[in-house]
Amino acid sequence: MAGLSLQHPWAFAFGLLGNLISFTTYLAPIPTFYRIYKSKSTEGFQSVPYVVALFSAMLWIFYALIKSNEALLITINAAGCVIETIYIVMYLAYAPKKAKVFTTKILLLLNVGVFGVILLLTLLLSHGEQRVVSLGWVCVAFSVSVFVAPLSIIKRVIQSRSVEYMPFSLSLTLTLSAVVWFLYGLLIKDKYVALPNILGFTFGVVQMGLYVFYMNATPVAGEGKEGKGKLAAAEELPVVVNVGKLAAATPDRSTGAVHVHPVPRSCAAEAAAAEPEVLVDIPPPPPPRAVEVAAV
């Protein structure tokens, strides 16, 4: 790192800044996992983003070790490995059995199987600079696939006309991170670091543009918070139950209150005919908890 800071002071500065921004991005899911810890349930959250983030960090550490003199890449991705591992362990601790099995399979397939194959092929089939080239393009391909993932969120925002699925702060952070790491890769002449971040910057700008365009738009009925609000309002309509046929009502002359007393079935019809209907406003059960899907 000392050599990098002396020979490429600007590269060192951007790399250090990239470490700080990326670290804050790694910490973004903390509120989600605090909620999981408090409720002792994963509440429908998915584990795939954290498994993929762990795989990405492992891949970039391997690349940095093969290339050498890439301490800044190692530090941030090592931190990422630790943080994502903690997230995954917490997820497995509180997830239902089906989600645990699925997460374990994905971990074994991607982080053990695929990573193991990449490691062996890189070490056995290539040598010297060719290792850096081969592994570099693997990192580029995987990073591009990760950056393309937000397309589903972009589609959802356009269809629902609601930005609740795409926080502006996260889009801004990811865009800044892409800019900083692109400049870092450009300054150290590493196209494998720079190229994926061009796409990352592009998607980040598109997301922020969509946020500005739709932040005051009226969500499509049944979508977004407004649609959910209408559904919740419908669920909160009072349930009116006619108890006239089930009980007899007698007024309390001292207070004027009406007391409802159960009567035998044999007298139910007579009570219904003799007494007026008594309407009881019973509040409905609370609406189901909204399921929040977490994204990195």
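Glycine is treated like the rest: Cβ placed from N, Cα and C.
Note that this is a predicted model, so its numbers are computed, not measured.
Membrane topology from Swiss-Prot places P9 together with H127 on one side. Among the recorded stretches 10-30, 46-66, 72-92, 168-188, 193-213, the one sharing the largest number of Cβ pairs closer than 8 Å with the transmembrane segment (106-126) is 46-66. Taking pairs at least six residues apart, the transmembrane segment (168-188) and the transmembrane segment (46-66) share fewer than three Cβ pairs below 8 Å and do not count as touching.
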